[in-house]
Ligand code: AMP
C-alpha cells in the first residue's frame, strides 16, 4: 500500500487510544486494514492490533515510563505502524464527542477549529479533553498532516427547536445547555446502510436502538435524525452499563442537599455505579447478567427492555408512527435475549418476532407478517469517520491546486 492511501482513525479516551487504519478500495470506499488500541495508559500500557481478518499483528506490554500518557501512546502506535507496516497516513480522522451548537458535520481541523472545540470542554469535561489531546500531539509532530474532527453530536444538529430545548430559562439554551444527542456517527452509519439492506424503509420512520456500554435511541425520518433519547450529556435517556439514564433532577438535589455528596462524588456515581451494574449489583456486562440466575440480574435486564420500550413510545410520537425498528451496537447486535424482551414489549406496534431469526442474529428478525419489521444492523462508527475524512481531504485537494499536484 502506498502511504498516499492510508487514513488513520483515532478514538482517544482517558486511559486508552483506539486506532484503525483504512486503505482505499477500488470503488473509492475506505477498506479496513488494521484495528488496534493502546490501553492501560498510565497503569499497564499494552499495544494490541490485528488485521482485517482478526489475526494478531502485535500484543506488546510496555512500562509506564515508556507510555505514561495519551501522546506517548500515540507515538508508540504511530512508530509501530510506520516501522512495521510502512504506513504514513495521508490524513487522520478523530472521533470528537462534542461539536457544540455549531458543527453539523465533520470539519477539517485548523487552529481556529481547535480553539472552538476547546470552548466545548465544559459541555463534555470527561471526554472532550481526551479527544483534543491527540489532535494537538499529531499537529505538533506532523504540522502538514490533514486532520478531521467527526462529532457524536453533528448528526442530530438539524433537530427542530422543540427537540433541541429543555424547558429552562432561554439564556441557558443560548449558552449551550441543549439537547444535543450523541452516538451520531453510529446513527449516520445505520442511515447510510438502510438503502442497501432495507430499501423499503430507508425513507420511512425508523427507530434505531444503539445498545452498547453507552446506549441511546434515535428517531430517523427519511434517514435524518429528528429526535434522540440522549440530551445535554451522555447520561440521559436509556439506562446503560454503568449510567442511570433518565433521572428526576430532584434525585441529584437530594444526594447533594440531604446526603451531603459532593458534585464530584455524584458525577462518579452517575458515570460508573448506576445502570445495569447498579441495579443488579453484579455486572454492567449483559453477557454476565444473562449467564446469572440471580433475580437481580434478571430484573436489570427486564428493566433495560422496559425502558427501551418506553423510549420507543416517545420516539414513535416524534415520528408520528413507525415503519421499522433497528437494533445495533454490542448488545443490540449480540444479545438475542435483550432483543426478545424488548420486542415482546413492542407488540402494540404490531411487531411479531421470528425467534429462530433472532437466535441466529439474522438481518431481519421479525416474521414476514409483522406489521413493523425489526432489523439487526451492525454499526461501524470508524468506517463513518473514515468516509468523512476521505471526503474532506478530497475536497481540500480539489480546492487547493498546490496540494492536488503534490
Ligand atoms: P459496545 O459498547 O457497543 O462495544 O458494547 C459493549 C457491550 O455489549 C458489553 O458491555 C456487553 O454488555 C454487550 N455484549 C457484547 N457481546 C455480547 C454478547 N455476545 N451477548 C450479549 N451482550 C454482549
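Cβ coordinates come from backbone N, Cα and C, glycine included.
Positions annotated as Mg(2+) binding site by TrEMBL: 11, 381. Long-range C-beta contacts of residue 11 (Mg(2+) binding site), restricted to its own chain and to partners at least six residues apart, with a cutoff below 8 Å, comprise 17, 18, 19, 94, 95, 381, 382, 385.
Spatially close to residue 213 (ATP binding site) yet at least six residues away along the chain are 240, 241, 242, 284, 330, judged by Cβ distances under 8 angstroms. Residues or ranges marked as ATP binding site in TrEMBL: 18, 210, 211, 212, 213, 214, 285, 286, 287, 330, 331, 332, 333, 334.
Annotated substrate binding site per TrEMBL: 95, in sequence order. Annotation note: residue 95 (substrate binding site) sits in a strand segment as assigned by DSSP.
A simple way to gauge crowding: the CB of residue 152 (active site, proton donor/acceptor) has 27 other CB atoms within 10 angstroms, across all the protein chains here. Marked as active site, proton donor/acceptor by TrEMBL: 152.
Residue environment of residue 183 (site 'Transition state stabilizer') contains 30 other Cβ atoms, counted within 10 Å of its Cβ in all protein chains. Taken from TrEMBL, the feature site 'Transition state stabilizer' applies to 183 (among others).
Per TrEMBL, the feature site 'Transition state stabilizer' maps to 243 (among others). Neighbour list (residue 243 (site 'Transition state stabilizer'), Cβ cut-off 8 Å, at least 6 residues apart, same chain): 214, 234, 235, 270, 271, 274, 275.
Here the C-alpha separation of residue 287 (ATP binding site) and residue 152 (active site, proton donor/acceptor) works out to 26 Å. Close to ligand 1, meaning a Cβ under 6 Å from one of its atoms, are these of the binding-site residues 95, 213, 285, 381: 213, 285. Across the structure, residue 183 (site 'Transition state stabilizer') and residue 152 (active site, proton donor/acceptor) are spaced 5 Å apart at their Cα atoms. The 10 Å shell around the Cβ of residue 18 (ATP binding site) contains 17 further Cβ atoms across the protein chains shown.
Annotation for residue 331 (ATP binding site): spatial neighbours 211, 212, 215, 286, 338, criterion Cβ-Cβ under 8 Å with sequence separation of six or more. In terms of local Cβ density within 10 Å, 95 ranks first among the binding-site residues 95, 287. Geometry remark: residue 152 (active site, proton donor/acceptor) versus residue 333 (ATP binding site), CA distance 20 Å.
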